[in-house]
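Comments concern the structure below.
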2 protein chains.
Amino acid sequence: MANNSSPRIGILGGGQLGKMLCQAGADWHLPIHVLDRNHSFPAANYATVFHSGDFSRKEDVLEFGRKMDIVTIEIEHIDTEALHQLVAEGIKVYPQPDKIDLIKDKGLQKQFYAEEGIATSDFSLYADAAALRAAIASGEVTLPFVQKARTGGYDGQGVAVIRNEQDIESKLLDCPCLAESMVDIAKELAVVVTRTPSGAISVFPTVEMEFHPTANLVEFLICPAAIDSDTDTRAAKLAMEVAEKMEIVGLLAVELFLTPEGEILVNEVAPRPHNSGHHTIEACMTSQYDQHLRAIMDLPLGPTDLLRPGAMINLLGAEGHTGPAVYDGWDKLLAIPEVYPHLYGKAETRPFRKMGHITALGDTVQMARERAAIAKEVVQVISR
Amino acid sequence: MANNSSPRIGILGGGQLGKMLCQAGADWHLPIHVLDRNHSFPAANYATVFHSGDFSRKEDVLEFGRKMDIVTIEIEHIDTEALHQLVAEGIKVYPQPDKIDLIKDKGLQKQFYAEEGIATSDFSLYADAAALRAAIASGEVTLPFVQKARTGGYDGQGVAVIRNEQDIESKLLDCPCLAESMVDIAKELAVVVTRTPSGAISVFPTVEMEFHPTANLVEFLICPAAIDSDTDTRAAKLAMEVAEKMEIVGLLAVELFLTPEGEILVNEVAPRPHNSGHHTIEACMTSQYDQHLRAIMDLPLGPTDLLRPGAMINLLGAEGHTGPAVYDGWDKLLAIPEVYPHLYGKAETRPFRKMGHITALGDTVQMARERAAIAKEVVQVISR
């Protein structure tokens, strides 16, 4: 294993998740190849070999994948036809292409939960805005509800909360979509599960997400979540159930809703490293990135125990600033103890763009959260 | 700070210490440049830009350094004349060239301790083997003693333990050297100190080193050291005293002897990341590599608290194996909890070559040491 005898690993996508997978591979000096459009992407400098190409073009994915022993992804929006072809040619592809197909279509994903008896909110599928309007008119769909584009959504894009007639006029998405019943949410939780080809499974500690009021992005991510141990156990079991029923290989980030009555529903999943697992780099015995590499190589999984309570914030481009990024307040940031900034190296900032993240640790989750809140105050991604 | 506005950092040397400095820089997406002979060196793949050249050639160091804002080192055996010139031209060089000159000549280093009243073993300087023989003949030097080459020593090279007439015949080094009184050693300790240009200072927890009986390399490195708190405090204070009196910037690894009477003597120092600080990557709140980067950029230093007790082993090439390296037993290694292997990517193994290191953590230092001992048993660097 490793070096001379280690498999060539190819990652589709060179964003921050790809970069952090490369960083995890560096400890073992693994040969990691990355495919993305050009050298400006975060992972470009940290891949052993960076390949220029478009992961949504079948030919590019095929050409790249045929040089690899194992192909993986850091984004779902890739050409899966090429991945099916690669599997047929004997290349290992994790997560498996059919799982990516299932997950990237939120309609199929919800049907999977329904068929497998996995708790999730009620939903129905529509071909476009017109069909959805008809269903509202007929009373089949009642206000308020959440409309989600079946494909292409990302970071809060492709989601519309429809509360009233005005929202129907101004917010409705015109695409194949699902309408989900509005769930009364006490907390949003996430559990990252990892599964190997041999069926070994591990689960990271449950995290709690607090969303930014306007940007629909996670603002604080807290670990451990402030939930009782029974809820925690049920959240972990539900997440593992999804991974096992799906028979997925690699990471599966399972986003959950906890209702005021204590019911836990699966919201959606992502078959890759996830924003809700960034803190594992410093807070857990094994990071989600290390664990994913172990999984796709079918090696023993590492322990996932929490070393220190943590709070994670995304470092977003400041409002009113577009252009070459400058990180203002860096000295003040580093003067806070146990604060770990990660910058993604994106040259240009724009409002709410994910430019990096910061994990803060502490003796207690309160201490970690306070440190993260101070970090958020003192550092700003601006452009001069 | 960072990215667009961050300083270009140039590292002289592309070995494993350079590689791990590059890895530390990746979190902040720092532009890190490395100079070494060719792309086969461990850091080559992990530098933002790798420059081919010889760090012992003045012209190469000058050409490289003039493109940087800050120049640092991962090895002392570089051309310091060029570094003095770079400082004169306004480039920041940390550690400062005069400190490197002082440290790389073990004779000057010992004289510094003597002049500054820093506890160290008795010593005297000789021009060559003939001069040392004369001193032995005259009774100025008495058996047993330790002979050290003034310059060029590394990893146990350039050191001879002279116990008897036969050793004088077979082991004596013929070069400018020092003869040190043999010290009665209860434990060998090491303390890594960091100092910024502004004079801020931090100290990592004291480590205890156990040497391999034949290879004269550290076999187990244990942290925390099994010493009482008074000894610990004195060790940390002595190490900080050396760094402060030397006014060094960056890391200073201070190797110490603890005598059976509880006296602590400075053995020698290294002005760079050190083998005795590898475990800080996983075991401490801030790693020695992160801390060095913070220091040379004059940023606030991070906390150095121990998160978990740790034990580190060097992964050495197995005896009887020379050629392309294969890491045998990797699956078994990764099945041990809290074991963190680091491979340096050296293509060829040979007996006792440092091919990587493994840090094991645990609830107690005993547990960490046991895990490290099992790791040592199950993994082997061989050639097939």
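Using N, Cα and C of the backbone, Cβ positions are placed for all residues, glycine too.
TrEMBL lists B:LYS106, B:GLU180, B:SER181, B:MET182, B:VAL183, B:GLU188, B:ASN267, B:GLU268 as ATP-binding residues, and of the candidates B:LYS92, B:LYS148, B:LYS237, B:LYS245 the one it assigns to that same site is B:LYS148. If you draw a 10 Å sphere around the CB of B:MET182 (ATP binding site), it holds 15 other CB atoms from the protein chains shown. DSSP gives B:LYS106 (ATP binding site) a helix state.
Neighbours of B:LYS106 (ATP binding site), defined as other CB atoms within 10 A of its CB across all chains, total 24.
For the domain 'ATP-grasp' (B:110-297), the model gives a mean pLDDT of 94.
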